[in-house]
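S.K.: One structure coming up, written as structure tokens, with questions to follow.
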Amino acid sequence: MGEHPSPGPAVAACAEAERIEELEPEAEERPPAEDFDPGNTGFISTGKLRSLLDSHSSKLDPHKREVLLALADSHASGQICYQDFVNLMSNKRSNSFRQAILQGNRRLCSKALLEEKGLNLSQRLIRHVAYETLPREIDRKWYYDSYTCCPPPWFMITVTLLEVAFFLYNGVSLGQFVLQVTHPRYLKNSLVYHPQLRAQAWRYLTYIFMHAGIEHLGLNVVLQLLVGVPLEMVHGAARIGLVYVAGVVAGSLAVSVADMTAPVVGSSGGVYALVSAHLANIVMNWSGMKCQFKLLRMAVALICMSMEFGRAVWLRFHPSAYPPCPHPSFVAHLGGVAVGITLGVVVLRNYEQRLQDQSLWWIFVAMYTVFVLFAVFWNIFAYTLLDLKLPPPP
């Protein structure tokens, strides 16, 4: 999946790799290379950069060459930050590097990725993912040039396979696949979050492997694969996994605060975190997002999410199969949405950028941390102080 069309390879050829290998610092304190910054000033002249590009123009990928030219043109002072140059050649970018390009004195002149011809199936897939998730053409080109499918989007695929496996196992054990949640023995599973067993901390996470029925599992799996996998291909398993797990934990904690007598099942907290972050990112970058039929697709996604949420609300207030314990809560969906439009949006809006440099990131992390601490103390003290009568453990 890492192949790219002519006239150049996706990354620098072997000769170019040998040329720039000495430029990649082994540690933060390594000084600049003598060939480009003999005075150890931290800058290199745009003239030297242009000379390097001219001598290696046939070996560099054209998209990467254009980015370097834009970087050179954006500095009227005649010099650029050496680290920005290293970041580009090692596929690492910084905010200062992005600003240098966006504020450059000329626009990137090459044709858009959509106009590229002669792409094979894997290249078209990578291009499709880029246009589905990224609002800036320069980011789309960057992703297209640097993506190698190593590692593959393993997180969302692994989670999905585990959810399907647990569902099939429970279906065979209970002898029921549709509306499994109505089976009298359903809540006896040690993965389900139950308010009487809230001291068992793993239940705040493992409840995602239990679903109310095949109708519940089906929509979550479809959304995880259609939205989660492309997002992971672009932003990586660490960031997408963080948003997903944060949505899952927020979902179960929200239920423990707002719907204190109800259990929780399903991966909707994590799924709604990813989908709501993706939809919010599209709305906030509407003119830049070039995915086809985006208005229609957003409408379909919102309708599907609303139907699933409506199903969850109906099930919550449907007469329980194991009174006095009610059916699972729908509040986890709302917890996932809250994570998606806060932490999730910051992650998706900062492709290849350091999150720790974003003030909004720290604001939302602080808000999430405060909520988690509040929910923990609530679970420790509120049930006793309110003298709430909980359903017996399953």
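Heads up, the Cβ atoms here are built off N, Cα and C, so glycines get one too.
Remember, it's a predicted structure, so these values are computed and weren't measured experimentally.
Pulled these from TrEMBL:
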- 1-41: region 'Disordered' (REGION)
- 16-33: compositional bias 'Basic and acidic residues' (COMPBIAS)
- 199-349: domain 'Peptidase S54 rhomboid' (DOMAIN)
- 240-258: transmembrane segment (TRANSMEM)
- 264-283: transmembrane segment (TRANSMEM)
- Ser268: active site, nucleophile (ACT_SITE)
- 295-317: transmembrane segment (TRANSMEM)
- 329-348: transmembrane segment (TRANSMEM)
- His333: active site (ACT_SITE)
- 360-386: transmembrane segment (TRANSMEM)
S.K.: Checking distant contacts: for the transmembrane segment (264-283), what same-chain residues at least six beyond its ends satisfy Cβ-Cβ under 8 A?
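M.R.: Contacts with the transmembrane segment (264-283): 133, 135, 159, 163, 181, 192-193, 207-212, 216-217, 220, 223-224, 227-228, 231, 240, 243-252, 255, 289, 291, 294, 298, 301-302, 305, 308, 312, 328-329, 332-333, 335-337, 339-341, 343-345, 347-349.
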S.K.: Looking only at residues six or more beyond either end of the transmembrane segment (240-258), which have a C-beta under 8 A from one in the stretch?
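M.R.: Sequence-remote neighbours of the transmembrane segment (240-258) are 155-156, 159, 193, 195, 198, 203-205, 207-208, 228, 231-232, 264, 267-274, 277, 329, 331-336, 338-340, 343-344, 347, 368, 371-372, 374-376, 378-379, 382.
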S.K.: List nothing but the one residue from Ser268, His333 whose Cβ has the fewest other Cβ atoms within 10 Å; the candidates are the active-site residues.
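M.R.: Sparsest of the active-site residues Ser268, His333 by Cβ contacts within 10 Å: His333.
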S.K.: May I ask for the residues of the chain that lie six or more residues beyond the transmembrane segment (295-317) and have a Cβ under 8 Å from a Cβ within it?
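M.R.: Non-local partners: 181, 212, 215-216, 219-220, 223, 259, 262, 268, 272, 275, 279, 282-283, 326-330, 333.
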S.K.: Round to a whole number and give the Cα-to-Cα distance in Å for the pair the residue listed as 'active site, nucleophile' and His333 (active site).
M.R.: 6
S.K.: Report the mean pLDDT of the predicted model across the domain 'Peptidase S54 rhomboid' (199-349), rounded to a whole number.
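M.R.: Mean model confidence (pLDDT) across the domain 'Peptidase S54 rhomboid' (199-349) is 93.
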